[in-house]
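*Asks:* Below is one structure. I have some questions about it.
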Amino acid sequence: MMRMSVHTGERCFLYNCINIAICLVLIIGYCDFVTCAAVKKATTDHSSASHSSTEVHKRNNMKQVYPEFENAGQEPGIEIWRVEDFKPVPYPKEQYGKFYEGDSYLILSTKILKSGAKEWDLHFWLGSKTSQDEAGAAAILAIQLDEQLDGVPIQYREVQEYESQVFLSNFKSGIRYLPGGVASGFHHVDPDAFETRLFHVKGSRNVRVKQVDAKITSMNEGDCFILDVGKNIYVYVGKKSKRIERLKAITAANQIRDQDHAGKAHVHIIDEYSTESEADAFFKNLGSGSKSEVPPESEGEDDKQFETNQQHVATLYRVSDSSGDMKVNPVGEKPFSQSALDTNDCFILDTVDSNIFVWIGKKCNNHEKTNAMKTAESYLKTKNYPAWTHVQRIVEEAEPTAFTQYFKTWQGTRQIRSRLVREPSTEDAEGWEARLLHASIRGKSHQFNVEQIFDFDQHDLNPDDVMILDLGTKVYIWIGDGASVLEKTKCEDLVTDYLKKFGREDITRIRVHQGQEDEKFKKQFPEWDDNLWENDNKYDDAKAKLLASNEAVSIH
């Protein structure tokens, strides 16, 4: 019995050991399972987090944001960057309006609508002596800033002396070109330094001020000139210059005084009312010459506008890289159909009047978007167009009237471009935005130069010229009191050519003289003052203010 008990005890011991072993295996297995699950979960979580982080990183790096661009376009007004060493450097606000010929710049104009929405015009400006590398950098930086603003801005390529009216409208006192640039190191004017400089003032509503050789052969009777000799600045008024040009020249001289001489200079005006001694002082500082030796009015550089064969017509081209290479193929000639524009591609509209539009479809690929402006520049070369030809980049659903007017009909899905408050009328063409154009005859060629005025008001009606107010269903021909006989007699032909360009020859035309505007005409302007032009002595007022400012300088 005893033996049996031992065997039974051993057997129980073995059973217990086996049971314990099984339990240990189960426990270890369970722990392994839990551990593996935890590890797997941790790995999965880490992988997901890593993947999510990568996606965020990718998204954050899709747009390279320069610190200088970080808050761009958030406040109304303009912002300017100069391209220095291929990077954007904020330009001092007190220097706005001054551009160095050897540099490239970015100019962003921001407007905030009543709805709170923002609209932007983005210009990259190329000086006549900027390097090819800097010009390329400016174009690339413009694309990056454009992308930061979600591709909404209308983008403009600007070339010195041939800037668009949209660009010039940002500088109410005009723009000034100066020699030198960042690369050359010549980009600072010492207020106390003495250097004789002669500036040519060109334009009426928006002026361009260019430094020219300080000699009488650089002058002419039809324009205004500014002679800067340090503590004295002279405004020479050409005897055939127009009143508006004279006012702008005074404004430009004041700007030179304030920007370049810290306000410490006297400004003198030399015109038909000046004494001989005053005129002699001007020519003595110039170095030679007299009033009688000033060359007659000439066509000048601005008057030699690019002339296109009238047999040519506006053409629409598709830009596509579906074949692997960027190709430009004609789609049709005007009048165009809006349906010809494909949201998957980019298009070039050649208006054959020195304007090129690059239309960007919402669904075109990034390569096409990025290279659209470069393709447009290549297009200019193949057509032998001047390098200064205006190129404007616009995006689908944000097309300006300047573009849509070339199409037979246009159905807009949304409008983001600003509008000044004007009186609506059921008589106007549906969806038509009133347009004001400034028409003037340039130089000996007697050819009309027509420029559209943006965000216009009554002050933009130039009494020295002819203006065109286009309401879609009718066109007003406004004759200023100071318009020349030739301008008055040829303005009908001008309007005919203008309407023919868009296939609208049957539009009603109304001729109106300054001071005789009807209510329909007046309502196209935000405000109207019937007494604006009565006893208009603005030129005399400007001269009087200059005398007062000169006395103030003398006191200090």
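Backbone N, Cα and C define each Cβ position, glycine as well.
Please treat TrEMBL annotations as automatic predictions, because they have not gone through curation.
TrEMBL lists these features:
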type: TRANSMEM; residues: 12-30; note: transmembrane segment
type: DOMAIN; residues: 87-168; note: domain 'Gelsolin-like'
type: DOMAIN; residues: 206-272; note: domain 'Gelsolin-like'
type: REGION; residues: 285-305; note: region 'Disordered'
type: DOMAIN; residues: 329-403; note: domain 'Gelsolin-like'
type: DOMAIN; residues: 451-521; note: domain 'Gelsolin-like'
*Asks:* Counting each residue once, how many in the domain 'Gelsolin-like' (87-168) are helix, strand and coil under DSSP?
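*Replies:* Helix, strand, coil within the domain 'Gelsolin-like' (87-168): 24 helix, 31 strand, 27 coil.
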*Asks:* Count up the helix, strand and coil residues in the domain 'Gelsolin-like' (329-403) according to DSSP, in that order.
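*Replies:* Tallying H, G and I as helix, E and B as strand, the rest coil: 23 helix, 23 strand, 29 coil.
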*Asks:* Within the domain 'Gelsolin-like' (451-521), count helix residues (DSSP H, G, I), strand residues (E, B) and coil residues, in that order.
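*Replies:* Summed over the domain 'Gelsolin-like' (451-521), the classes give 22 helix, 20 strand, 29 coil.
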*Asks:* Give me the DSSP three-state residue breakdown of the domain 'Gelsolin-like' (206-272), ordered helix, strand, coil.
*Replies:* 21 helix, 21 strand, 25 coil
*Asks:* Across the domain 'Gelsolin-like' (87-168), what does the pLDDT come to on average, as a whole number?
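*Replies:* That region's mean pLDDT is 92.
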